[in-house]
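Take a look at the structure set out below.
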Amino acid sequence: MNDERIGPPCWQTLLDSPPMWLGLGLFGLERANELQRQLDQQLHWQRPTLTLYGRQHLIPRRQIWMGDPDAAYRYSGESFTPAPWHPAVEEIKVAVERSLEASGQRVSFNSVLLNRYADGEDRMGWHSDDEAELGEDPLIAAVSLGAERPLRFRWQDRRGAAFNVWLPHDSLLVMGPGTQRQLQHALLPRKLPGMRISLTFRRVYPR
Ligand SMILES: O=C(O)CCC(=O)C(=O)O
Ligand SMILES: [Fe+2]
């Protein structure tokens, strides 16, 4: 086991414009397994309600916002104060920033949305991460731990066919500038077993 390793050994280009790429093997299997276990057991996973057309719904997954104290975030009409950084999440943030830097992108994230999908029934609907506090054309980096699921993308202007990006355990999906403006994404329900945790790192610009 090589613990000194920084960043995925293997990058795949998914799209040139907007730039989207996938890194495989961010931590190595053993560390990735351990991080998934720690996040699963140690975080205070929440299931908030969402108001849709005046009705309250429990979200179909568990989640936590985490980040710097001033990185407050609005989501579906509600404002969230982030939970303080957990050491395992900080470790993942540093690994993501280092591997981005190794591929020529200097970014520093100040918040992350963690999602926990118990199995294939848990999901996230169509959206793009285009809230005003993310600034124009943000870069968003998504780490996947656990069961492999496809993230589905569709073009906002329907210029091309929708497509899946399968996100394996221990992978890093980078959605570069323009991705949120041009595409929407969703984690649709699938008859697939196994728990999955995703961490989508962002930079929030406080008002
Ligand atoms: O779970 C995923 O991979 C996607 C999560 C997502 O789209 C988000 O956190 O905004
Ligand atoms: Fe998203």
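Using the three backbone atoms N, Cα and C, a Cβ is placed for every residue, glycine included.
Look at TrEMBL and you will find Tyr73, Arg74, Tyr75, Asp130 tagged as substrate binding site. Long-range neighbours of Asp130 (substrate binding site) (same chain, six or more residues apart, CB within less than 8 Å of its CB): Gln180, Arg181.
The DSSP breakdown of the domain 'Fe2OG dioxygenase' (108-205), given as helix, strand and coil counts, is 7 helix, 47 strand, 44 coil. Here TrEMBL flags 108-205 as domain 'Fe2OG dioxygenase'.
Sequence-distant neighbours of Thr200 (2-oxoglutarate binding site) (same chain, 6+ apart, CB under 8 A from its CB) are Val112, Leu113, Asn115, Asp129, Ile140, Ala141, Ala142. Among the features that TrEMBL reports, 2-oxoglutarate binding site is placed at Asn115, Tyr117, His127, His185, Arg196, Thr200, Arg202.
Just so you know, the Cβ of Arg202 (2-oxoglutarate binding site) picks up 23 other Cβ atoms within 10 Å once every protein chain is counted.
On a Cα basis, Arg74 (substrate binding site) lies 19 Å away from His185 (2-oxoglutarate binding site). With a cut-off of 6 Å between Cβ and the nearest atom of ligand 1, the binding-site residues Asn115, Tyr117, His127 reduce to Asn115. Cα of Arg202 (2-oxoglutarate binding site) to Cα of Tyr73 (substrate binding site): a span of 10 Å. Taking all protein chains in view, 13 other C-beta atoms sit within 10 angstroms of the C-beta of Arg74 (substrate binding site).
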